[in-house]
Amino acid sequence: MNLSLVLAAFCLGIASAVPKFDQNLDTKWYQWKATHRRLYGANEEGWRRAVWEKNMKMIELHNGEYSQGKHGFTMAMNAFGDMTNEEFRQMMGCFRNQKFRKGKVFREPLFLDLPKSVDWRKKGYVTPVKNQKQCGSCWAFSATGALEGQMFRKTGKLVSLSEQNLVDCSRPQGNQGCNGGFMARAFQYVKENGGLDSEESYPYVAVDEICKYRPENSVANDTGFTVVAPGKEKALMKAVATVGPISVAMDAGHSSFQFYKSGIYFEPDCSSKNLDHGVLVVGYGFEGANSNNSKYWLVKNSWGPEWGSNGYVKIAKDKNNHCGIATAASYPNV
């Protein structure tokens, strides 16, 4: 065979193996890499660009359908842009749901005239949005958020609490640090330990380390925890209205949640049982003039303020326990 033909065929094979990218997205790709400080090796660059581009086009398709009234929320590119959904689920899946019988049961107030909307941020109960980064510690952020609120309720002082303290020190209670945990076990740790350090004295580093709890830096305590009736949104609503921010878990493993930006989140494939992410309900409300329509739970996430709506998400409310928002709700007793 003619050597030149062999070489031509070989080069054609190499060229066909190189991913074809949308050149119209080049500027956005370079801007995204600069914003999120991504540096790839030669072999990884093409793969990550392909994943990012697929995600970008999915987002654009969704937002086009949103403008046609097919969805109630928008999506946007963010720090998870170069991750497949499977990679995202593996990295961010941090909630380990377990039966834990040491808690009290929330006694629903009878004949309570509940407000149409609640936002504990406006009352000073909620610290700024934090970022768990690559560590599977969502459970710790959910737990500190609830405890911060209850300590404010008791003392009138809002102090940011140490998630790293929980990550490093609550393994005896059954938590697994950056490999996941359970908010109720975090509350149990605080009770058994006799306190929890402040974020300032025990800062977050997003990796598992040895326990460095110092009693003299403790700024919070609890006497155990209370669980809200599983799956009952009305009970959760009463707890949020009368107690304060509540720790909950949800199914957050979908691409639609990975790139959520604004609006009321509703995912048809969301599970009310298979929960993988701990978050904090800080209120509830509705959009529009009619309080019976477009109801939502106001949820604080732990993926930084750049994700979602300044770090928050509105989850569809009274939609059959959507995404399991009321399946595993609890709060510390202070």
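For all residues, glycine too, the Cβ spot is worked out from N, Cα and C.
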- Please name the cysteine among C94, C178, C211 that Swiss-Prot pairs with C135 through a disulfide bond. C178
- Which of these, C94, C211, shares a disulfide with C169 in Swiss-Prot? C211
- Message: Can you look up which of C138, C270 is joined to C323 by a disulfide in Swiss-Prot?
- Response: C270
- Item | Cα-proximity to N301 (active site), 10 Å cut-off, over recorded positions C138, C178, N221, C270 | C138
- Query: If one measures from the C-alpha of N221 (N-linked glycosylation site) to the C-alpha of C135 (disulfide bond), what distance in angstrom results, rounded to a whole number?
  - Reply: 24
- Translate the DSSP assignment of C169 (disulfide bond) into the three-state scheme. helix
- Query: What is the Cβ neighbour count of C211 (disulfide bond) at a 10 Å cut-off, with all protein chains included?
  - Reply: 14
- For C323 (disulfide bond), the three-state DSSP class is helix
- Task: Specify the nearest of the recorded positions C138, H277, C323 to C211 (disulfide bond), where nearness means the distance between Cα atoms.
- Result: C138
